[in-house]
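According to TrEMBL, the protein has these features:
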| type | residues | note |
| --- | --- | --- |
| TRANSMEM | 18-39 | transmembrane segment |
| DOMAIN | 132-325 | domain 'Peptidase M28' |
| TRANSMEM | 374-393 | transmembrane segment |
| TRANSMEM | 413-436 | transmembrane segment |
| TRANSMEM | 448-472 | transmembrane segment |
| TRANSMEM | 492-511 | transmembrane segment |
| TRANSMEM | 517-536 | transmembrane segment |
| TRANSMEM | 548-574 | transmembrane segment |
| TRANSMEM | 594-612 | transmembrane segment |
| TRANSMEM | 624-643 | transmembrane segment |
Amino acid sequence: MAFGWRVREGDRTAFKCLIALAAVYGVIAFGVYAILHMWHVKPLALDAPLHRFSEARAIEHLKKLTVDIDGRQEGKPGLEAAAKYIKEQLEMIAARAGPDYRMEIEETLVSGSFSMIFLRHSLSLGYRNHKNVAMRISSRNSTDDDPSVMVNGHFDSPPGSPGAADCGSCVASMLETARQIVDSGWVPPRPIIFLFNGAEEVFLLGSHGFMKTNKWRDTIGAFINIEASGSGGPDLVCQSGPGSWPSKIYAQSAIYPMATSSAQDIFGIIPGDTDYRIFAKDNGDIPGLDIIFVLGGYFYHTSYDTIERLFPGSIQARGENLFNLIEAFANSPLLQNAKQRSDMAAKKGGEGERAVYSDYLSFFMIYYSRRVSLVLHTLPVLIFFLMPLILCLPNVALHHYVAIFTDMLKGLLFHVIGVLLAVIVPVVFAVLRLFFSNYSMSWFAHPYLAFLMFVPSSLIGLLIPKTICGFFPTSQDTSMRKMPKEALSEAAHFWGAFGFYSFVTMAYLLAGLGGGGLTYLISFSMALSWCSFFLVRKHFGYQSFKSLTAYVVPLIPCLTYLIYFGGFLVQFLIEKMGMMGSLPPPYGYFIPDVIVAATVGVVTGWCVGPLMPIAGRWLARSSVLQFLLQFSVIALALSSQFFPYSDAAPKRLVLQHHFVTAGGSKIVESSYDFSVLDSNSLSFVFKNAPEAAKMLNIGADFSFETANRSDRSSSVVPACLMCEITKKLSMLWVGTRGQACMGFFFQVYCICLKLLNIQISNAST
């Protein structure tokens with residue numbers, strides 16, 4: 001063959017199996033991509049029925065906020081103009097309301113102070129005269145202390161950003177939803193509060209001021225906080241609580257759900273925060289949902305967060321979900337004001353515990369309580385311990401049980417080694433590539449490269465144990481079981497893999513986390529597939545391709561979800577790698593590629609690992625490993641020809657002004673830091689943008705090894721917030737030598753630097 005290895009007769013079936021499985025995964029991946037980019041949601045036009053939410057009508061509000069108004073940042077006239085526009089729209093909605101409605105609109109200035117721990121930093125904040133706009137929609141018979149449902153979104157935007165997604169899309173959705181409530185004729189049985197807060201980007205000041213001073217604060221029985229850290233996609237529920245009630249309401253009412261209890265397990269380690277913190281944790285202990293656009297994060301907090309970047313269909317799906325959620329919360333008998341919640345606090349019991357939930361491809365929700373999970377998530381472990389007893393029937397004896405259980409433990413160890421190698425091998429490949437490449441993150445502007453680079457190498461890791469060791473020796477008596485050793489070894493490997501996912505599920509359960517639903521789905525689906533495989537192999541034999549098909553087909557719904565969840569996770573991670581902050585050399589250069597490679601390895605372990613006990617019989621061949629190895633090498637080599645950045649995936653740069661003060665008012669020292677927000681250094685920027693080096697008067701004798709570097713520990717502003725003062729650097733790949741030119745906004749930065757007479761000294765660190 002042209003690839004340089006010789007295919008033996010038995011390898012033909014192996015490659016047929018590999019191609020067939022690749023086709024199955026490819027079809028599923030295409031469908032998942034379409035779902036995540038909202039191709040299945042049709043936005044409604046301006047002439048849509050008034051009782052329906054219309055994305056086009058919401059976009060009209062968004063155009064006013066982001067195009068007609070110049071900047072919605074604290075201290076700029078645009079923020080006041082936005083507040084005025086929002087109030088005018090609310091007054092127009094109130095004017096159309098019939099006699100059955102009670103409409104209240106207020107505009108307030110909030111002031112106060114508080115302390116918080118943010119990313120391990122202690123911050124003390126004082127503020128005054130931040131504007132909030134709110135509207136309360138209720139029935140004419142409602143009272144002032146009736147429990148209410150609040151929808152919160154902020155209308156300020158980060159410095160330098162028009163904030164179309166973050167969070168003009170939130171404000172536009174709220175205005176259209178408020179109009180829908182009135183024009184649909186639905187009179188809410190409980191009051192609905194729409195809070196448009198004007199100071200979220202400066203450490204959640206608007207929501208804090210509302211909770212400390214507003215007359216409606218103690219009536220709030222549930223809240224929905226809508227946010228954006230990207231340009232669209234499914235609206236992910238990142239946090240829910242306190243208790244399981246909000247997630248249950250979401251599961252029952254969302255039309256296009258995207259929620260997983262796993263998200264809340266990891267949200268705490270993500271460098272960011274939302275108004276959810278103020279309402280659900282710091283001030284009020286109010287049950288609620290934190291719902292966020294998370295995909296399309298390349299332009300988050302930049303000047304390119306414009307209407308054109310929004311995913312069509314995302315606002316439509318958000319609006320339809322939002323109306324249904326408001327209706328469900330307002331009709332729920334569990335809605336209570338602050339006094340009622342305080343009186344019932346001692347009676348919460350199990351209702352205060354977190355449930356396990358997940359959407360399936362944004363089509364429907366799977367939800368069950370913590371008590372149910374205690375039974376469901378324990379069941380696979382019980383099956384694992386009972387299976388040796390079942391397999392040794394009818395010759396039940398202790399030594400038979402021990403022999404089968406020993407083989408299952410060998411299979412468990414066998415599978416664990418494969419899963420670990422699925423993570424380790426792509427990490428090693430990623431590190432080796434960087435030794436021969438001039439830059440990291442080649443996958444940043446081209447996410448598909450991450451899959452081409454690391455999925456084949458991850459498959460190598462999964463297949464290594466079975467390729468090298470073949471079938472491990474069994475402790476069972478083949479004459480008693482009347483099965484060949486290969487079949488016994490395969491069965492032991494299967495139940496060992498089943499046990500691995502079962503024990504991971506149990507670990508999640510014992511840790512009190514909600515992410516065990518993923519591994520429970522794997523173990524449950526594997527059990528069903530084994531039953532199908534067991535029945536078919538009686539007729540065709542365990543070596544038949546039809547038997548393999550009988551095993552794979554029942555797993556397809558599970559594999560589809562795993563690709564959906566894993567693909568979303570990898571895409572989200574890749575986008576956020578552009579804003580994680582530059583890490584100290586020399587190891588910081590490797591970190592992003594290592595993180596992405598390890599994540600792809602974990603996801604591959606999820607998505608392919610359940611097939612390995614059975615499909616490994618066909619795939620675990622040296623010729624297949626050689627093919628995957630050569631494919632990986634070619635993919636890694638080709639990836640080095642792709643520039644990490646593009647107009648659609650810009651590199652972020654930060655110009656940060658530091659002040660050192662004494663006595664609260666005296667400025668002792670001030671300095672400017674010019675830095676990057678990913679692992680490709682400033683030297684990389686200047687190397688690929690000679691115009692920038694020229695404008696900064698940087699000559700050939702300049703050395704970044706001896707240049708001043710800012711002390712990361714001295715600043716309380718984390719990388720995720722540095723983006724607020726970031727302008728886009730468009731990197732365009734030009735010519736065969738990979739030269740790049742700087743974008744317009746970076747030139748503006750350079751001119752500003754020259755005007756400020758900033759000089760980069762050659763003094764040592």
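Yeah, the Cβs are placed from backbone N, Cα and C, and that goes for glycine too.
Where the transmembrane segment (492-511) meets the stretches 18-39, 374-393, 413-436, 548-574, 594-612, the count of C-beta pairs under 8 angstroms peaks at 374-393. Remark: the transmembrane segment (374-393) makes no contact with the transmembrane segment (624-643), by the rule of 3 or more CB pairs under 8 A. By the Cβ criterion (distance under 8 Å, sequence gap of 6 or more), the transmembrane segment (624-643) is counted as touching the transmembrane segment (448-472), at least 3 such pairs being found. Counted over residue pairs separated by six or more positions, the transmembrane segment (18-39) shares at least 3 Cβ pairs under 8 angstroms with the transmembrane segment (548-574), which defines the two as touching. Cβ atoms under 8 Å from those of the transmembrane segment (413-436) belong to residues 453-454, 457-466, 469, 472, 493, 496-497, 500, 589-590, 593-594, 596-598, 600-602, 604-605, 608-609, 612-613, 632, 636, 639-640 of the same chain, restricted to positions at least 6 beyond its ends. Long-range contacts of the transmembrane segment (517-536) within the same chain: residues 260-262, 356-358, 366, 373, 376-377, 380, 383, 494, 497-498, 501-502, 504-505, 508, 544, 546-548, 550-555, 557-558, 561-562, 565, 606, 609-610, 614, each at least 6 residues beyond the stretch ends and with a Cβ under 8 Å from a Cβ of the stretch. Taking Cβ pairs closer than 8 Å, the transmembrane segment (448-472) reaches residues 410-411, 414, 417-426, 429-430, 433, 442, 485-486, 489-490, 492-493, 570, 574, 596-597, 600-601, 604-605, 608-609, 612, 616, 619-622, 624-625, 628-629, 631-632, 635-636, 639, 642 in its own chain, all 6 or more past its ends.
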